[in-house]
Amino acid sequence: MSIIVERLLSRESAYGDAVEDFPLRPQTLRQYIGQNKAKHNLEVFIEAAKMREETLDHVLLYGPPGLGKTTLANIIANEMGVNVKTTSGPAIGRPGDLAAVLTALQPGDVLFIDEIHRLHRSIEEVLYPAMEDFCLDIVIGKGPSARSVRLDLPPFTLVGATTRAGALSAPLRDRFGVLSRVEYYTVDQLSAIVERTAEVFEVEIDSLAALEIARRARGTPRIANRLLRRVRDFAQVRGNGTVTMEITQMALELLQVDKLGLDHIDHKLLLGIIEKFRGGPVGLETVSAPIGEESHTIEDVYEPYLLQIGFLQRTPRGRIVTPLAYEHFGMEIPKV
């Protein structure tokens, strides 16, 4: 089994997250914690659309996984007082799949497409007239007898979510009237989310314990909530049910999540470069062998947080571990 599947600190959604996260999700912008810039802009755009009795412009939400793009899409629908239909780029394999989704929409509905960057170009071309003119061009028949039929669609709002905005084609990206980047959360914002989640779970939690979980959550609510679930288990089995600072520190130590939110895979990657390659520079392919992961997995999954906190650098010559990482491990920085 791949390491990434079992990783507690993965920003990607897992089945257990989907099951338990639904009641945790805020329903309105007022309830939504963080993303103040995107939230305040959306408040204005939504209110203006409602005052004009129009559908909201199409919205593109982009940024790292686990930061609330799906939640924002559902909030947009709630604030507009309409239904939301959810699908994803990989789920729309043929133009006919998209046509079926579009023709089932009711006036004003929100269509949420997650991982929209993974739409095939032929499907994007079907989407263009739907976004611009609320119509669908369908080709009936084949060969010389083929003809195009235009179907009118009800006005709708497309909300697309992507972790790779640069992977969207320019024609698709240009058809979104609202572009909002979601940012990593501060420790205080994550602490508030942890306390709100504990309230939903009906679990008592100390404010210091909430802060400790927040500090180790990599700026990501999904990870914060996942850590709280596991700490809650320790509180129930090893304590009296209350999530205290003592229980939290013990649980996170046993889960191998250190004070900066690094886990055993991060340690293995960094220490591998330090001990085997004197801190680098070293090529990505060479790094991948010792930890048993493919190079693209390291680049897309493990490296972003290490780059974010300044423990790793990407250079033309390869990866280099920074002095901050040496300091974190209590190791002496090698002399050049």
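From the backbone N, Cα and C atoms, a Cβ is placed for every residue, glycine too.
Per Swiss-Prot, these features apply:
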BINDING   Leu24, Arg25, Gly66, Lys69, Thr70, Thr71, Glu132, Asp133, Phe134, Arg175, Tyr185, Arg222  ATP binding site
BINDING   Thr70  Mg(2+) binding site
BINDING   Arg314, Arg319  DNA binding site
REGION    1-185  region 'Large ATPase domain (RuvB-L)'
REGION    186-256  region 'Small ATPAse domain (RuvB-S)'
REGION    259-336  region 'Head domain (RuvB-H)'
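Secondary structure from DSSP puts Arg319 (DNA binding site) in a beta strand. Of the listed binding-site residues, namely Gly66, Tyr185, Arg314, the sparsest Cβ surroundings within 10 Å are found at Arg314. Secondary structure at Phe134 (ATP binding site), taken from DSSP and collapsed to helix, strand or coil, is coil. On the 0 to 100 pLDDT scale, the region 'Small ATPAse domain (RuvB-S)' (186-256) averages 96 in this prediction. Cα to Cα, Arg319 (DNA binding site) and Thr70 (ATP binding site) are separated by 33 Å. Broken down with DSSP, the region 'Small ATPAse domain (RuvB-S)' (186-256) shows 52 helix, 2 strand, 17 coil. Sequence-distant contacts of Phe134 (ATP binding site), defined by Cβ-Cβ distance under 8 angstroms and a gap of at least six in the same chain, are Asp152, Leu153, Pro154, Pro155, Phe156. Around Thr70 (ATP binding site), the C-beta neighbours below 8 angstroms that are at least 6 residues distant in the chain are Thr86, Phe112, Asp114, Ala161. When the Cα atoms are compared, Glu132 (ATP binding site) and Arg314 (DNA binding site) turn out to be 41 Å apart.
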